[in-house]
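What follows is a set of notes on a single structure, which appears directly below.
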Amino acid sequence: MDHAEENEILAASQRYCVERPIFSHLVLQERLHKKDKVSDSVGDKLKQAFTCTPKKIRNIIYMFLPITKWLPAYKFKEYVLGDLVSGISTGVLQLPQGLAFAMLAAVPPVFGLYSSFYPVIMYCFLGTSRHISIGPFAVISLMIGGVAVRLVPDDIVIPGGVNATNGTEARDALRVKVAMSVTLLSGIIQFCLGVCRFGFVAIYLTEPLVRGFTTAAAVHVFTSMLKYLFGVKTKRYSGIFSVVYSTVAVLQNVKNLNVCSLGVGLMVFGLLLGGKEFNERFKEKLPAPIPLEFFAVVMGTGISAGFNLQESYNVDVVGTLPLGLLPPANPDTSLFHLVYVDAIAIAIVGFSVTISMAKTLANKHGYQVDGNQELIALGLCNSIGSLFQTFSISCSLSRSLVQEGTGGKTQLAGCLASLMILLVILATGFLFESLPQAVLSAIVIVNLKGMFMQFSDLPFFWRTSKIELTIWLTTFVSSLFLGLDYGLITAVIIALLTVIYRTQTGVSPALIMGARRKAMKKYAKEVGNANMANATVVKMDAEVDGEEATKPEEDNEVKYPPIVIKSTFPEEVQRFMPPGDNIHTIILDFTQVNFIDSVGVKTLAGIVKEYGDVGIYVYLAGCSAQVVNDLTQNRFFENPALKELLFHSIHDAVLGSQLREALAEQEASALPPQEDSEPNATPEA
């Protein structure tokens, strides 16, 4: 027997036993040794708040510039090799994806390179995740492209008489202006949400909603890439039913497809699909995944240049990639009123995708990410990046997995990847000008495989939760046919409605009282005593209405709950009651409640009273001192007996309810048996 097994046996044989009374609030208060709390004056509090100390300055710097915290602790010998390999692997993947996702954003390919450089550098200083890869992402790029195409369609007439069909440069310049405006506004929204500590907004985008939305986005991306794969000239659509119009347009022009373009695209498609399967199967033996996308770009560029595919076979290519960085430019803020809905959707979706991947990788490697700081980082990356002609960015799922899987330890790997992009922008971009667009289309379609695999969620949710299945399907259908912006809004509304539906299917005191009325009516009808049934119903109605039916309503006075009414119900009537659980206590876990205001106190008082009227206790477990103080100040404990509903923990509340029921059974068994004469109404408390 080795040492580990001995430790397991020793741990299994140990017992941790605690014996103490059930701690209700009253019992616990009697045993506590209270200290007089001396509160600071207002002047002292203001002085403490505005005092500038080195520790405060350091914490503020750590908060807004996380790089100042992890860079000094960088373990060079342990991390440098992993970051180097990861940076190169991510960079060779970021190059083709940047070019391809620019096509989705409806802007010239070089702007995809700009978006792969500036935001990555800024996120290295501002972000809290060490492993995600920031840059163009298919879903966000498609949403940007939808706005650009809606405001600047293919057949727009440029002022001055130049038609966009013949003047693509002027049209593209306008689309870049729209993309910059949307990016700036979405960045401002993200930054403001982060400053206001609204990082929790991601919880409203549940996993079924996000997965259904991204699956629908994958279908949109797939249909928009078909025209580049087939080499046909079709109009790009946006808005409601755009996915249908795009598919129909491609099918109608399929007879005009470019065979050479399709052949090159299918060749790259097969290479990438088979290569990714090889990478997945032998990932344990490979030091790093084979950079298939980069090889596809090099091969496609070489074939296109060698055989002069553009001139000889009319194959569409990337075109001019101007060398150098563009000077900063001010986005057109006059477009904000036309794009604010899209900007809100892009800001929320971009943050949701980023924080979900960041938390997944952070949990895997044992560190924490700050949702609010991630919002600030994304906001600054987008808003400042828009000044340098970038479009909205987010976390790329495929690149993040590569950056983490190849040994990346910090965001220095992302910096190295961005420097590789900078090298292309400044020096080698012209080498990729003959790259066929069909190759980029194939790269995008292959990278959608992970999103299309989310269709396997359907049988899982069918087995586990029909409500989550409904959220997934409605999100997918609405996002597919209404467009990604209005589809997301519809999906959020539906998700909130499901929350309301779930809260309405709990134990309802009104339903319990209604069932009792019906049971008493049926019983009275059976024994032929209708007058007694009417009297019983009237009396039970009076119990439901309580003091509200007898006392006039006082102005702005809070109505506090009475003691719980434990009513006796004739056994003969039980057979008329619908089957259900015998619930006698509801325990509310208040451990995560920091405070409760007057509206919350009134709501809680109403809950305690409604359930008390049907004989169900409502216990509050784990209330903090602040919550108890709020309840006291709002006169929740005007009836002192209500303090017996508070318990130190959930376990104390459970034991307290069990003890109460046991004592009630003993008292009931000690009472002399009553004569079974006629059904009695529920007695008054």
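Positions of Cβ are set from backbone N, Cα and C atoms, glycine also.
Note: TrEMBL annotation is automatic and uncurated.
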If you look at how TrEMBL annotates this chain, which of 256-274, 484-502 comes out as transmembrane segment?
256-274
With DSSP helix as H/G/I and strand as E/B, how many residues of the domain 'STAS' (569-657) fall in helix, strand and coil?
45 helix, 12 strand, 32 coil
Please figure out which one of 99-125, 132-152, 184-205, 212-230, 256-274 racks up the most CB pairs under 8 Å against the transmembrane segment (335-358).
184-205
Counting Cβ pairs under 8 Å that sit 6 or more residues apart, are there three or more between the transmembrane segment (256-274) and the transmembrane segment (99-125)?
no
Same-chain residues near the transmembrane segment (412-432), Cβ under 8 Å, at least 6 residues beyond its ends:
74, 79, 82-84, 86-88, 90-92, 94-95, 98-99, 110, 113-114, 116-117, 120-121, 123-124, 133-134, 297, 301, 318, 321-325, 403
Does the transmembrane segment (99-125) make contact with the transmembrane segment (184-205) through 3 or more Cβ pairs under 8 Å, each pair 6 or more apart in sequence?
no
